[in-house]
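Enquirer: Here it is: the structure, laid out below.
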Amino acid sequence: MTDRYAVFGHPVAHSKSPQIHATFGRQEGIAVDYRAIDLAPDAFLAGLEAFAADGGVGANVTSPHKEAAFSVCTTLTARARRAGSVNTLLRKGDRWHGDTTDGIGLVRDLTDRHGLDLRGRRMLLIGAGGSARSVAPAFLDAGITELVVVNRTPERADELIDAMGEPGRAISRYWEDLRELGDFELIVNATSAGRDRDVEFKLPLSLVNSMTTAVDLNYGEAAIAFLAWARAANCRNTVDGLGMLVEQAAESFLQWHGVRPQTDEVYQTLRQGAAVLAGED
């Protein structure tokens, strides 16, 4: 039976992951059968098991399934356990092993590709779902001074902060308190609100200072609304999630195939097709 790989999401037709992994496979001389599988939340667990029965040995997981993927894993990496979220699955026998590569992928993109020094920065994280949980630990590990999490459901933000285990550096605040939070060198949107074409981000301009970098974990059309706000607010840099996507994919590829591919070629190819969302202003 041929080994199969996939990305699970809902929706997922827009995903660039099949293209990315096909390119990585060509670079490394590895035949890769990788496809996108759209499953509604109530169909995810059954769909994942059907995938395994049909030769599935590795998978990426995107919104809204990252926390559900965490729950099915028998073994987890330390960073996945801390995040409570999984975006990379590896089949070991008849069980799943889970990891989260989003955080390390995003930090690598920001530091290596965009030249940002994250040490000493004050960071605002908007959202507290699986995507937010997957990146928060990596930013703390990268040396940010303070992580402030806001979410429309405050209990979710509290849960995320509790999972970080660093009460002196990571705190949650109410959405209604945004105007009172001061300014930040890093603002990260980890919500999926931008998938609604009619959405408009109306965040306080007081969040922005002369050094602010705004990051959206989404890419393509889903990142337009937040990055439009960031540019209008005169953020120094705006970065979408394309680089994170490529870098986390490389980390997944390494776990599945034992080699970490070069990422610049596939990033530049994808970026040329998304010029409207240029990584930096």
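Every residue, even glycine, has its Cβ placed from backbone N, Cα and C.
Annotation comment: Swiss-Prot describes LYS66 as active site, proton acceptor, evidence class sequence analysis. The shikimate binding site annotation in Swiss-Prot covers SER15, LYS16, SER17, THR62, ASN87, ASP102, TYR219 and is backed by sequence analysis. The feature NADP(+) binding site is assigned by Swiss-Prot to GLY127, ALA128, GLY129, GLY130, SER131, ASN151, ARG152, THR153, PRO154, GLU155, ARG156, LEU217, GLY241.
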Enquirer: Just name the winner among LYS16, LYS66, ARG152, ARG156 (the recorded positions) by count of other CB atoms within 10 A of its CB.
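Expert: The residue with the most neighbouring Cβ atoms within 10 Å is LYS66.
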Enquirer: Cα of SER131 (NADP(+) binding site) to Cα of SER15 (shikimate binding site): how many Å, rounded?
Expert: 15
Enquirer: Sorted by position, what residues of the same chain at least six away from ASN87 (shikimate binding site) have a C-beta under 8 A from it?
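Expert: Correct list: ASN60, VAL61, THR62, LYS66, ALA69, ASP99, THR100, THR101, ASP102, SER134, GLN248, SER252.
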Enquirer: When you tally the Cβ atoms that lie within 10 Å of each candidate's Cβ, which of the binding-site residues (SER15, SER17, SER131) has the highest tally?
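Expert: Selected residue: SER131.
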Enquirer: Using all protein chains shown, find which of the binding-site residues THR62, TYR219 scores highest when you count other CB atoms within 10 A of its CB.
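Expert: Result for the most crowded candidate: TYR219.
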Enquirer: Nearest to SER15 (shikimate binding site) by Cα distance: which of the binding-site residues GLY127, GLY129, ARG152, ARG156, GLY241 is it?
Expert: GLY241
Enquirer: Measuring Cα to Cα, tell me the gap between GLY241 (NADP(+) binding site) and LYS16 (shikimate binding site) in whole angstrom.
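Expert: GLY241 (NADP(+) binding site) to LYS16 (shikimate binding site), Cα-Cα distance: 11 Å.
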Enquirer: Within the same chain, and leaving aside SER15, LYS16, SER17, THR62, ASN87, ASP102, TYR219, name every residue whose CB is within 8 angstroms of the centroid of the CB atoms belonging to the recorded shikimate site, in sequence order.
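Expert: Other same-chain residues with Cβ inside the cutoff are VAL7, GLY9, ASN60, GLY241, LEU245, GLN248, ALA249.
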Enquirer: Within a 10 Å radius of its Cβ, which of these binding-site residues (ASP102, PRO154) has the fewest neighbouring Cβ atoms?
Expert: PRO154
Enquirer: Give me the long-range Cβ neighbours of GLY127 (NADP(+) binding site): same chain, 6+ apart, Cβ under 8 Å, in sequence order.
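Expert: Sequence-distant Cβ neighbours: ASN151, ASN189, ALA190, THR191.
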Enquirer: Calculate the distance in Å between the alpha carbons (Cα) of PRO154 (NADP(+) binding site) and TYR219 (shikimate binding site), and round it to a whole number.
Expert: 26
Enquirer: Within 10 Å of each Cβ, count the other Cβ atoms, then let me know which of the binding-site residues GLY129, GLY241 comes out lowest.
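Expert: Lowest Cβ count within 10 Å among the binding-site residues (GLY129, GLY241) is GLY129.
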